Amino acid sequence: MSWLFGYKSQVPPQGGDGAPEPPGPSPSSAGAGQMAGDANLTKAERKAMEAYRFDSSALERAAEAARTLERSKHAREALELSKLQETTRQQEYLAKVKEYEAHIETSKVEQKRVDHEERRKTLAEETKQQQQRAQYQDQLARKRYEEQLAQQQRVQEENLRKQEESVAKQEAMRRKTIEHEMELREKNKMKLLEAELRAKAKVDRENRDLTLEQIRLKAEENRITVMEGIKTAGSVLGQGATALLTDWNKVVTTVGGLSLLALGVYTAKGATGVTARYVEARIGKPSLVNETSRFSLLEALKHPIETVKRLKHKPTDALQGVVLQPKLEERLRDIAIATKNTKNNQGLYRNILMHGPPGTGKTMFAKRLATHSGMDYAIMTGGDVGPMGRDAVTAIHKVFDWANTSRRGLLLFIDEADAFLRKRSSEQISEDMRSALNAFLYRTGEQNPRFMLVLASNTPEQFDYAINDRLDEMVEFTLPGLEERERLVRLYFDKFVLQPAAEGKKRFKVEQWDYGAVCSKMAKMCEGMSGREISKLGVSWQAACYASEEGVLTEQMVLDRCEAAARQHRQKMAWLSEQEKLDHKSITGGKGFLTQ
């Protein structure tokens, strides 16, 4: 059983006839020859060859074992055991073969993955190089274009300079020519005048005696005429005075007539003044008031239809159709309710300041507040006070006198109030403006049950301290946020686009697209714009439709108009100076605003 333990018996195996077997090539020599042949193969090829190589040593061991078993009494058991061992060995070899094959497949997959990764990196690097090359070429093209523009600009500037020099030279030559002509004309006039004077002097010298005689005769006639007139007037007056003084009835009649004449003149003058003030207070309106809802006979005669509509108009909610931030809406609603109840209970009105960027709805809310409260409103502008000069004080007193005569109560709205209510301590204002400010302070020193004062300004920090002391409520109207802008855009899109298209009375049609998504997109594009600017955007949509050939409004036309409006808004903001940006510090803040 030496073959089981891997060593050979010392006794050489005998053949069937007892003779030794002929020597053959040993496994070691065969293996050495084969390894010498495999030395030129790669590592992977050697592994593959080893997996499929035939092992001849197994047959030799089997033959040797068979010879040994023939002489053993346990030959059958040993044969079975050797078969099992050989089967196990063959299975191990098959397992190794499969393992080698799996390793080879894994190596192939890994090699493909590496190749793919290398190709991907190569493509990425090529793409990067192409992008860099394209960027560099684009930079070169832009640089060349900029150089061409600069060269063209220099050429244009040079041509413009030459044209200006040529025009200047021509203008100088024309001016010299005109001056020369005027000088010649003046010399000719002087020569002509000198000749006329010389001729006239000669004639006067020749006719001197005749002229003196004519003057003497005229003076004598004039003296005689004056003396005759004096004698006649004295005679008449003397006779009248004698007759008046000798007759007492005539004296009484004369004195009474003169007294009645003086009384009539004085009475007519006073009555005229009273009538003028009554007409101005009851029938007309002061010159400073630009717009009012108060009924007047002159306005009714000029605009009868609007007057009838205004009389039939019923009070509505002050915030109807208004888009606001919730906190600001709540505050304005409280002001509207308090004002209405103050009017109904005949209480004292409170003075309000509304400040914020232009186009946020301050004037509109003032009108609706007056209508909601059942009051009349009057709108004046602070910029109209300065040009009036000395008459500004009288005009301000007339406005407040007129406001005190309102039976329904008057909401006096002063737009751009900072134009004449500026600080007296830190700003240089004229004496007329200072007097107007003092008159305004005098008429607003106490709360009034007749009128309510509402001031509006974009720069409230410029108000005089005394004006701030008279304010009871301050409300800031700021620019809309994203949510409010979207509601505004939808509102104006329905008002200026969808409703006219649905009526069908005008040359106005709209293509089908997702209106809601487009309005949301435009709301983001309109950042920083006020409610007034967005309303103008709605009018521009109509203009775009009217300008088209077929009268059809497309999605691209709407977006183009919105982009143009946003670009114009940014340009306006860029034009603001540093001082204006400081004055309009609230131009980028907040969300509350108004709209129709």
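Keep in mind that glycine also has a Cβ here, set from the backbone N, Cα and C atoms.
A quick note: this is a predicted structure, and the numbers were derived from the prediction, not measured.
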Problem set entry | Range annotated as region 'Disordered' - as stated in TrEMBL, picked from 70-90, 154-174, 343-363 | 154-174
Exercise. Helix, strand, coil residue numbers for the compositional bias 'Low complexity' (129-139) per DSSP?
Worked result: 11 helix, 0 strand, 0 coil
Seminar exercise, completed: Tertiary contacts of the compositional bias 'Basic and acidic residues' (155-174), defined by C-beta under 8 angstroms and 6+ residue spacing from its ends, are none
Problem set entry | Residues of the parent chain within Cβ reach of the compositional bias 'Basic and acidic residues' (110-128), under 8 Å, 6 or more residues beyond its termini | none
Exercise. For the compositional bias 'Basic and acidic residues' (155-174), what does DSSP give as the number of helix, strand and coil residues?
Worked result: 20 helix, 0 strand, 0 coil
Exercise. Taking the domain 'AAA+ ATPase' (348-481) alone, what is its mean pLDDT?
Worked result: 89
